[in-house]
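Quick notes on the structure that follows.
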Number of protein chains: 2
Amino acid sequence: MSQKQADRDVQNATRALNADATRPFPASRRIYLQGNRPDVRVPMREIALSPTVGSAGTEDNPPFPVYDTSGPYGDPEVEIDLVRGLPAQRAGWIEERGDTEALTGPSSEYGRARAGASETAHLRFQHVRTPRRARDGQCVTQMHYARKGIITPEMEYVAIRENQALDRLEAQGLLTARHPGQAFGANLPERYTPEFVRDEIAAGRAILPNNINHPESEPMIIGRNFRVKINANFGNSAVTSSIAEEVEKLIWSTRWGADTVMDLSTGDHIHETREWIVRNAPVPVGTVPLYQALEKVNGVPEDLTWEVFRDTLIEQAEQGVDYFTIHAGVRLPFIPMTTERTTGIVSRGGSIMAAWCLAHHRESFLYEHFEDICEIMKAYDVAFSLGDGLRPGSIADANDEAQFAELKTLGELTKIAWEHDVQVMIEGPGHVPMQLIKENMDKELEACFDAPFYTLGPLATDIAPGYDHITSAIGAAQIAWYGTAMLCYVTPKEHLGLPDRDDVREGIVTYRLAAHAADLAKGHPAAQARDNALSKARFEFRWEDQFNLGLDPERAREYHDATLPKEGHKRAHFCSMCGPKFCSMKISHDVREFARRKGLDEAEALEAGMKEQAVAFRARGSRVYLQDEEH
Amino acid sequence: MSQKQADRDVQNATRALNADATRPFPASRRIYLQGNRPDVRVPMREIALSPTVGSAGTEDNPPFPVYDTSGPYGDPEVEIDLVRGLPAQRAGWIEERGDTEALTGPSSEYGRARAGASETAHLRFQHVRTPRRARDGQCVTQMHYARKGIITPEMEYVAIRENQALDRLEAQGLLTARHPGQAFGANLPERYTPEFVRDEIAAGRAILPNNINHPESEPMIIGRNFRVKINANFGNSAVTSSIAEEVEKLIWSTRWGADTVMDLSTGDHIHETREWIVRNAPVPVGTVPLYQALEKVNGVPEDLTWEVFRDTLIEQAEQGVDYFTIHAGVRLPFIPMTTERTTGIVSRGGSIMAAWCLAHHRESFLYEHFEDICEIMKAYDVAFSLGDGLRPGSIADANDEAQFAELKTLGELTKIAWEHDVQVMIEGPGHVPMQLIKENMDKELEACFDAPFYTLGPLATDIAPGYDHITSAIGAAQIAWYGTAMLCYVTPKEHLGLPDRDDVREGIVTYRLAAHAADLAKGHPAAQARDNALSKARFEFRWEDQFNLGLDPERAREYHDATLPKEGHKRAHFCSMCGPKFCSMKISHDVREFARRKGLDEAEALEAGMKEQAVAFRARGSRVYLQDEEH
């Protein structure tokens, strides 16, 4: 296949998905919040609302802005060309720091070989950027700048983004009713400032994962004093999947709210697939480099070497991967601790390293070369996601010796990484019953010196395959409340198969609602505004607004329309759940209206002698029915 | 339509559903655990498992018994005839107590009128039982017997049922790995005894809702020292639904695990529908009598009277309703507390009573006649479910003055009910952010003297219409862990429309998994056995067992088969998530096998000099691939 043909194929395959995966959310438009620099423009999605119609007149409801992860795909003004990739919006910031240099080409052996390989030419992304790297002796991580007291444009961007137009929401009264959070020692400010962001990154409590070779990404932050983030995994395994399909999953994920994505592909053409993904990703991209390294040695763990792994790190760092899962905590002495487990080792990376350690009877090369790894990461600003290779894969194995031995090691490694100013987050479980969840968070904060925690669930029970997005959302909401900074989603297909597009949507929305529940509980200053706006719409029978303010307007509308499809029903003061006679909200309005008409609030009304009013209410017919001609 | 024709219609309509809604669970059979009396036979579903095949040989896995709510519908030996209703298995127990008498017919005015009404003859259940009532001056509640020190057959039944064949599970080693619970002051025993059950009922900490006119029901218990229960609501509203459809929803609910059901119908023919439901319900049935009372006064709240309400209570008690939601805590002085709320009053019963109180400027007739209500309830053993008419309908309104004022009143009423030996549970919210959930439980236990709490969710955020089974499962799992005894399910259609059959299944399975997560966290002595059995099956690649031990075997299998449909794939040592190369469980088995072959456990192995073994492992080819010819 010629390159032209391949490009055309990708474009054709993606044109259809474009129309679908980037279809606008109802009543929504893209807005940008302007920072101090003209090129700091933070995207939000603004949802137009209809007015409140009451007996006292009509009152406008200003449009509601929401955090938006969809990048240029959510902006109808931006023309998307997947073959060229997204605009490099951070390129100027990176260049102006003057601490990096453009290379002439990939410096990894594998990268060079693949750049010229004819057998993959038809799959190759054509508009590869020249990779950049730190100048000799320079460290180019956000942590490095933060510790030097520098506020980068990325940090300013993040501060604006985290505030979520809080001032507007407050001015509209949407935060008047706001419950204080219970933050378990977290320290969420009432307003995010660039200086607060800088300080959190400098302290290692938060990371801003933005590889200098991924200038297409929009800055976001992962830390327990910020909005809880979610990650979506995709990538093919034994089942082949075209590059276009993977790119589609990426766009689909950011549409529904994924803050980062991980490309976990293990099949052929990982290198080429990744290039397409990174060039088109508006969010940070994570990988597990060990998977590709294993492919390079034909799937035989004992054949893995530091040299192959090292080359893979450089290859991927120069493509622009923003964080690497590295299972450097799976040490030789910990492996025997897993043999009596109910479910052994359930992490792919963990089991590969365990097999390597046993086969060689040697300490893990990841552990032994950890400082070498740091040297690579700091030259591109790739963040560590220190993998929990010994996480429990069942309720029975939760919080066991192996798990916590590894966690302690991850803490040691965190310290080493921080000596190099490399950003770190820590991966966590897994399967944990509720009464043992908090211990995971507490131990992580202690062992890893407040480095951000990034957990998979945890699943609060093992007994519901097919529903593990829910068993895990129960655990995820709790651990995020206790302090987890980012949640890795779980789809309904967990333990059973590969998620399809619907599963990805189901998993992301489930995790977004869990993350939001945690934001409410911790007391994120902007969180409750959306609940308040949606509930106000619900109480005022503004059906469309209720749908549109939700995380998945399309599904809400579809479910409503399943029983009451007519347009008039979206103005009706009842729904099919209770019907017009029994609508408590309708009656509740009558009660409130009754009080308002008398020009008294109800409390005064009671004291002023309610009997008289009771007569008036009866005279109005104690209207409980809605006289709706459509019913 | 003639009666014969109507009966034939119901039978035809239900024959199809019978085949579908009662289709056997895979690899399952009905067993009965025998009590001390021959007529105490407690049903369980026993799941056959396949053997563990290891290099050391083959080992059988005994069948696994699970709690079963499906009643006779889960027993293929029982011939179901919906037109005749279920067998009256408790009739003998009720009769032999000698404290009740058979009436000659319904004693409510409405019941008598409906018994002879020609216009509903075609809908009427033909095999109505003669209602029973306590003999003059007798109290026939389980609480009354418990307080007199009597252990009823119902209590023995419940003790056996709660143990869930614990001794068998323990003997099989399925409870060897068991985490201690964190019970927040609850007192779960290591074994349930009839005396323990009696004591809990006597103290009011648990209820055993079994109306003497519902002898078809299988005893179950609701209390925080027992397995967490779930309730499924159904019933039609403005949308008409045939009686057969309601009966189908009942059977469908008990199939998936509903411990009780509530018939919330508000349409025509409530009386007739209810008769069909109760006669065919193997689980306790709850209702909100106010809904029917309101229908009797044509939907005008102000026209409600104590007399109409009283007659409705008697009518429903004589049909066999096991618990009544009574909103007697919505008192006149509390109504003004709701006018500044974001979502006012969201309980149907609460808003009806608020409208009545305002219209008459009078204290609620439910509150004023509470002792009269107790007199009725004790003559049939109907339990109170004291309704939370002022529960919060949004995050903003959580834990407010109105809510807690009502809760305190419910506590006062609990005391009064207990003076009459009437069983009581307390309904709870609603919409509550996570950090405010525990306060709900703590306040309930204090205000209501440890009476069982029965909550709707709570939803931990308002922003995900279409996913409210999940937003609420997050709150439900937590509040059940803190002590809620029964969870009222929420379906994906909450706030949007009436649930269909699929929604009911989704809601029930979601709530069953949330309840189970809470059982694990509280430390129910039998809970973890199922997680352990399922995880063992998962680790041993016993795919069918993994599906079958789950809450929804059909969905698990369907999801698995979506990517790997062939039969051989259900014996494969991998799944489509990671494929054969990257299966951590496979590698983990190699690691374990490696240790076993050397006749050492891994810990010794390490010390004994792992180098030698490392050589052996390499010699075996460090098998990580599975050589699967199908792949």
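Just so you know, glycine gets a Cβ as well, placed from its N, Cα and C.
Keep in mind it's a predicted model, so treat the numbers as computed, not measured.
Among the candidates A:Tyr157, A:Tyr192, A:Tyr291, A:Tyr511, the residue that TrEMBL annotates alongside A:Asn233, A:Met262, A:His327, A:Ser347, A:Arg348, A:Gly349, A:Asp388, A:Gly389, A:Leu390, A:Arg391, A:Glu427, A:Tyr454 as binding substrate is A:Tyr291. From the options A:1-32, A:65-96, A:97-128, A:193-224, the stretch TrEMBL describes as region 'Disordered' is A:1-32.
Cα spacing between A:His495 (Zn(2+) binding site) and A:Arg391 (substrate binding site): 15 Å, rounded to the nearest whole number.
When the binding-site residues A:Tyr291, A:Tyr454 are compared by the number of other C-beta atoms lying within 10 angstroms of their own C-beta, A:Tyr291 comes out lowest. Here the Cα atom of A:Gly389 (substrate binding site) is found 13 Å from that of A:His431 (Zn(2+) binding site). In three-state terms derived from DSSP, A:Cys583 ([4Fe-4S] cluster binding site) belongs to neither a helical nor a strand segment and is classed as coil.
Other C-beta atoms found within 10 angstroms of the C-beta of A:Gly389 (substrate binding site) number 34, with every protein chain shown included.
DSSP assigns A:Gly389 (substrate binding site) to coil in the three-state reduction, outside any helix or strand. In sequence order, A:Tyr291, A:His495 are the binding-site residues among A:Asn233, A:Tyr291, A:Arg391, A:His495 whose C-beta falls under 8 Å from a C-beta of chain B. Comparing the binding-site residues A:Arg391, A:His495 on other C-beta atoms within 10 angstroms of each C-beta gives the minimum for A:His495. Set side by side, the binding-site residues A:Asn233, A:His431 differ in how many other CB atoms lie within 10 angstroms of their CB, and the most is found at A:His431. Note on proximity: of the binding-site residues A:Asn233, A:Tyr291, A:Ser347, A:Gly349, the one nearest A:Cys583 ([4Fe-4S] cluster binding site) is A:Asn233, by Cα distance. A straight line from the CA of A:His431 (Zn(2+) binding site) to the CA of A:Arg391 (substrate binding site) spans 8 Å. Within 10 Å of the C-beta of A:Ser347 (substrate binding site) there are 27 other C-beta atoms, taking all protein chains into account.
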